[in-house]
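K.L.:
Pasting a structure below so you can have a look.
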Amino acid sequence: AIAAVITFLILFTIFGNALVILAVLTSRSLRAPQNLFLVSLAAADILVATLIIPFSLANELLGYWYFRRTWCEVYLALDVLFCTSSIVHLCAISLDRYWAVSRALEYNSKRTPRXIKCIILTVWLIAAAISLPPLIYKGDQGPQPRGRPQCKLNQEAWYILSSSIGSFFAPCLIMILVYLRIYVIAKRSNRRGPRAKGASREGKSKQPHPFPAGASSARPPTLTSSLAVAGEANGHSKPTGEKEGKTPEDPGTLTLPPSWPAFPNSGEGQKEGICGTSPEEEAEEEEEECEPQAAPASSASACNPPLQQPQGSRVLATLRGQVLLGRGLGAAGGQWWRRRAQLTREKRFTFVLAVVIGVFVLCWFPFFFSYSLGAICPQRCKVPHGLF
């Protein structure tokens, strides 16, 4: 029964991690540089399932090491190498998540495939530095026990403690601290998000405009009539603000050509913009933005809501960059939403990785804890062989 369960786990591990590698390498949406960590981690798990678990299963079922002694030493070194690599990979992924959340702009510019590959190489070098000492320095092995051969890990206290700290306890501590820090940042971001959004909109609505110094601040400027420069460039003539009943001292109204949609000011109801009278090259744009009024007595159509509305920001952004205010609002809003969506994805991925790492730590902690007790107090704290 144990052999059947372990065999199923071996096949499941190989198949599942192979799918992970295949998905990352073939899917365009998963070709982000940070996903190379998952490819390397999946490769380490496949190596554990193919080169370590089958021989461990045979050793447990037979009760002795059936294979050669040389392979026993290589097998133990590979066991430490692959398992340490898996744990350090998770530590590197947690650090990558932390840098992506806390230093998004700075770190994303450095998160290139080359940089990720260098980090992965460092992870494997750390794992190799922990696993190779038993192959190089074998120490005092003492007399070999009679009977059937056994294949056991290095029993020297210095190696047990150093390998346990480097393979598990240090990476585990780093991951816990990093994910606590990510949680604090995410919680602070959630609290500050709505306030920052409101402050950003308020700041944009009160942003200074390129109007004369005498402009009144009693109400926000509106786009009602045509600009003199724009009107002359387009060959249109339009009454000035004085003919419209405006005083020369009221420069708070910015003018648009007749082909541009009007932005009605609250309480004044200007009807300067005429939908459908624009040139042919701008007809499609204005048809999307303008909706004619249903009033029968009106010969013109009020096209767009006030500037403070999201629709107004979008309309201004379509005026081919000639109205800087609308263009800035659209760009800032789009950038804010892109940033918000990126943070949401980062937080979701961080939560999933936290669950995976938590399960991983719970699985490995009993082994490394009991393994370390053998070096600290080999006689009093000896763990039963069956439990170990």
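Glycine is treated like the rest: Cβ placed from N, Cα and C.
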K.L.:
On the question of membrane sidedness, does Swiss-Prot record Asn108 and Phe67 within identically named topological domains?
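P.N.:
They are annotated on opposite sides of the bilayer.
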K.L.:
Going by Swiss-Prot, tell me which one of Cys72, Cys275, Cys290 is disulfide-bonded to Cys151.
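P.N.:
Matching partner in the record: Cys72.
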K.L.:
Which residues, sitting 6 or more apart from Ser163 (site 'Implicated in catechol agonist binding') on the same chain, put a CB under 8 Å from its CB?
P.N.:
Val80, Thr84, Ile130, Ser131, Asn154
K.L.:
If I count Cβ-Cβ pairs under 8 A between the transmembrane segment (118-140) and each of 1-25, 73-95, 157-180, 353-376, which range comes out on top?
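P.N.:
Ranked by Cβ pairs under 8 Å, first place goes to 73-95.
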K.L.:
Using a Cβ distance cut-off of under 8 Å, indicate which of 1-25, 37-62, 73-95, 157-180 has the most pairs with the transmembrane segment (353-376).
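P.N.:
Highest pair count goes to 157-180.
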K.L.:
Below 8 angstroms Cβ to Cβ, which residues of this chain, lying six or more residues outside the topological domain 'Cytoplasmic' (26-36), approach it?
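P.N.:
Counting only partners 6 or more residues beyond its ends, the topological domain 'Cytoplasmic' (26-36) has Cβ contacts under 8 Å with 93, 96, 100, 111-113, 115-117, 120.
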K.L.:
Within the chain of Asp79 (site 'Implicated in ligand binding'), which residues six or more apart in sequence place their C-beta under 8 angstroms from its C-beta?
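P.N.:
Result: Val48, Ile52, Ser56, Ser131.
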